[in-house]
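Visitor: Just dropping this structure here.
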Amino acid sequence: MSKTIAINAGSSSLKWQLYQMPEEAVLAQGIIERIGLKDSISTVKYDGKKEEQILDIHDHTEAVKILLNDLIHFGIIAAYDEITGVGHRVVAGGELFKESVVVNDKVLEQIEELSVLAPLHNPGAAAGIRAFRDILPDITSVCVFDTSFHTSMAKHTYLYPIPQKYYTDYKVRKYGAHGTSHKYVAQEAAKMLGRPLEELKLITAHIGNGVSITANYHGKSVDTSMGFTPLAGPMMGTRSGDIDPAIIPYLIEQDPELKDAADVVNMLNKKSGLSGVSGISSDMRDIEAGLQEDNPDAVLAYNIFIDRIKKCIGQYFAVLNGADALVFTAGMGENAPLMRQDVIGGLTWFGMDIDPEKNVFGYRGDISTPESKVKVLVISTDEELCIARDVERLKNTK
């Protein structure tokens, strides 16, 4: 038996989960926040307990040392050599990585070069990879890329209708994101439906603070809503989603606070979406509270959100020429029954109908009625388990 750590490292955080493999049992999980800042926080959950420490953690190497020491201190492992593999989530793999890979010096260098495609994510992932390689150099490190699942898209789908030199010279194209989540819930949907994935047409809706929707044909991604970056697609928690690109130079001309394109993109990424329109929050629970209070800005934000998601799902029915099931996953997808109800309410023409008694908070499974031609499923995503599985598969191929 072996133990594998799944890592999701950001610029100032390191989220982790420890598995017993191949049993896929979760032994512990936690997160280290505010890396590089004063009063960093390390949280460890195991055996029904929760331990929290306030520390000064200067970089990812210190964070990894604290994580490993905590595993021993709390008796979760007896020695480092019980850990046989580490899997790292990497947002952008570009066209270089069509599947998960074992890390070597060249892979790490390429991940850092691809930071231009995910400047908020890839540098943190690279820092986490370096830290584990420095501290545990003899164990297998594997990179699992958010974009890999979407490399099956056809060229006419992933290219933008701009001069091709921008793709040839600068690799401007649709890459997508959340691929690990979309892959996992599609596999789970096939099990739930009792049919081979290779026979199914699925639309998977990952609706959390980030939102992406994918058309899955026979187990492969044929289209997805996120694009060159995770800013594209429907409205999200703090991201605008798709807008007319001519808005960007217009805002630079009109608003003295927006000095250049980077300022506008920052606004579109961090100050837009549900948060920007409502002026309340990026959290759907706060938006729904605003609905109860008849807050007009909350109502407007909610209506735009529902409208954009319905439109995206509808276009993927056209891409797939129909679908066997629609899958909701991630924070809002799993835990916002009102949102699911209102999205489906605009898609009944496609033959979808949900059972109100099943469409409640906390329910997982098939929420459609027996008469529904298209099944509607709620499935909890598990990107960490996908990462651990890939480590188990690849760790003997070094």
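Cβ coordinates come from backbone N, Cα and C, glycine included.
OK, Swiss-Prot features for this one:
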type	residues	note
BINDING	ASN8, GLU383	Mg(2+) binding site
BINDING	LYS15, HIS206, ILE207, GLY208, ASN209, GLY210, ASP283, MET284, ARG285, GLY331, MET332, GLY333, GLU334, ASN335	ATP binding site
BINDING	ARG89	substrate binding site
ACT_SITE	ASP146	active site, proton donor/acceptor
SITE	HIS178	site 'Transition state stabilizer'
SITE	ARG239	site 'Transition state stabilizer'
Visitor: If we count other C-beta atoms within 10 Å, could you say which of the recorded positions LYS15, ARG89, HIS178, ARG239, ARG285 has the fewest?
Guide: ARG285
Visitor: Would you identify which of the binding-site residues ASN8, ASN209 has the most other C-beta atoms lying within 10 angstroms of its C-beta?
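Guide: Its Cβ has the most other Cβ atoms within 10 Å: ASN8.
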Visitor: Using C-alpha positions only, work out which of the recorded positions ASN8, ARG89, ASP146, HIS178, ARG239 is nearest to GLU334 (ATP binding site).
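Guide: The answer is HIS178.
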Visitor: How big is the gap, in Å, between the Cα of HIS178 (site 'Transition state stabilizer') and that of ASP283 (ATP binding site), rounded to a whole number?
Guide: 19
Visitor: Tell me, by DSSP, whether ARG285 (ATP binding site) is helix, strand or coil?
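Guide: Assignment for ARG285 (ATP binding site) reads helix.
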Visitor: Would you give the longest CA-CA distance, in whole angstrom, between residues of LYS15, HIS206, ILE207, GLY208, ASN209, GLY210, ASP283, MET284, ARG285, GLY331, MET332, GLY333, GLU334, ASN335, the set recorded as binding ATP?
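Guide: Among the residues the record ties to ATP, max Cα distance equals 24 Å.
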Visitor: Look at each of the recorded positions, ASP146, ASP283, GLU334, and point out the one with the fewest other Cβ atoms around it within 10 Å.
Guide: ASP283
Visitor: Hey, of LYS15, ARG89, ILE207, ASP283, MET332, which of those binding-site residues are within 10 Å of ASN8 (Mg(2+) binding site), Cα to Cα?
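Guide: Close binding-site residues: LYS15, ARG89.
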Visitor: Indicate whether HIS178 (site 'Transition state stabilizer') is helix, strand or coil by DSSP.
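Guide: In three-state terms, HIS178 (site 'Transition state stabilizer') counts as coil.
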Visitor: Let me know how many other Cβ atoms fall within 10 Å of the Cβ of ILE207 (ATP binding site).
Guide: 26
Visitor: Pop the Cα-Cα gap between LYS15 (ATP binding site) and GLU383 (Mg(2+) binding site) into the table, whole Å please.
Guide: 12
